[in-house]
Ligand SMILES: Nc1ncnc2c1ncn2[C@@H]1O[C@H](COP(=O)(O)OP(=O)(O)OP(=O)(O)O)[C@@H](O)[C@H]1O
């Protein structure tokens, strides 16, 4: 019983932390407010009833401009000047490339109140807890690595971008930003590994936006050409993550004249085509939809200067690698060296690093914290729960949270399950038992997926039951608790899942239900927890000791895993021209420690776009 009380206490503390300054400033509902109950529709009836309200305008790329008040015609977008973006090269008529016009009528992604003035005074209270990141060891390797900076003022970013950084209330760069931004601004290719929630999105967006703002005007193909030619491509594995990166990039590029467009599956392609035709500098996309656009010859990659792969290890695993190779190697994208390539993730198995090196030229490897480690900000608990007891155990947890006033918008709970059917069934059961829940997985329509996320974020359904489709990248404020109802097979998936809480310096709680079916995860899980200074239960240590070495999990063969450039490991070094010079701070040694080979199995690739 005492354990359960402590879960609830932890969740309560976490919720209290998550409430801090921001709720005061936006008038958000407090932790004890009752959430608005959404009308529950059982999964089997969902396609027959139109119970889900239609997606609001901001959900789609094309409709987002419909809110701009720029007038009735869809063609009267804020930047229908094809000379500037995506089409027809030559004269910009806007004071040169560096003097890009601000998009008139551009929707303010910061809301009605721009708040630039206010931003400075509020920054210190609403920002990230940087102290939490100060001790993180950083390692770089590569040729002539550009030195890190300690604040944004030291970085030579374009002026309009600096203003938007203030609008975002980013006071100081996070560690990954301090290192990665100067490396990218120096024009270097980069493979970067940093913990979940540590600000990787801005780390690749800032150099791209700044580079486009200050770089030479591109000579785009003639206006008659059907294909649009973005200058930068950002690929991510899921639709929701692509949408999120698009939203972030739009904030960072607000009023800079840099146009960001998103394209992802499950949404009408015609809307996305229309948006692309208005001009695009940065294209954010999921691989499947991009291949479709390339095959229709509606997008050309010939002018790509920047390529960023977010969740790069996922993008290069067996599920996605063929599509990524097609996009990057078999279409018209400039080769490594002629473009700048940035790969980011919180996990980067060596096998994938080796694959990824095909896309890079004389790159810098950057590890902030150990590769694949979880952040200390997340309190991790593992409970021994038999398969048949999982539901009642979850119910106990949720009741304890409720009893402690941990619920509502400020304390969202994300529950991961293995299968889509399992997700629907658990959601149904939770709702029947008085816990408003919704679900996100690959069998739901895109509209349903987006509605589920909105409902979760708003606190209307403070529990989201998800498959791995929600495991990576999603930055949902106020996720106080991640429950691994079904543990994943791969420890890296666990790292990403629990990383949906404890983000941007805030604390979070992660609870996992473990039983005999998860024995292959015992050792990597106990290693990971130990490394993150978590309490490892004695029974888990016994499971770990019993489990065979060299299993399918990469870490199961090694006592220690670390942030390592695979080029430092002689067994991976193909004797090529990779020269590098290691550079580390924070004091961890040079031993490798990823055991076993292969290991990254197909997992739950069906859940991915
Ligand atoms: N310099 C900064 N100051 C304050 N907040 C920041 C800063 N940089 C990023 N953030 C915020 O931190 C949160 C996490 O950032 P982001 O989503 O980029 O993390 P990530 O490292 O990509 O995580 P993941 O590995 O889960 O994809 C976001 O809400 C973002 O707005």
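Glycine is treated like the rest: Cβ placed from N, Cα and C.
Given the structure is predicted, the values throughout are model-derived calculations rather than measurements.
Ranges compared are 150-178, 179-207, 208-236, and TrEMBL records motif 'Q motif' for 150-178. Looking up the ranges 529-553, 554-578 in TrEMBL, the one annotated as region 'Disordered' turns out to be 554-578.
According to DSSP, the domain 'Helicase C-terminal' (404-544) comprises 60 helix, 26 strand, 55 coil. Residue counts for the domain 'DEAD-box RNA helicase Q' (150-178) by DSSP state, with H, G and I taken as helix and E and B as strand, are 16 helix, 0 strand, 13 coil.
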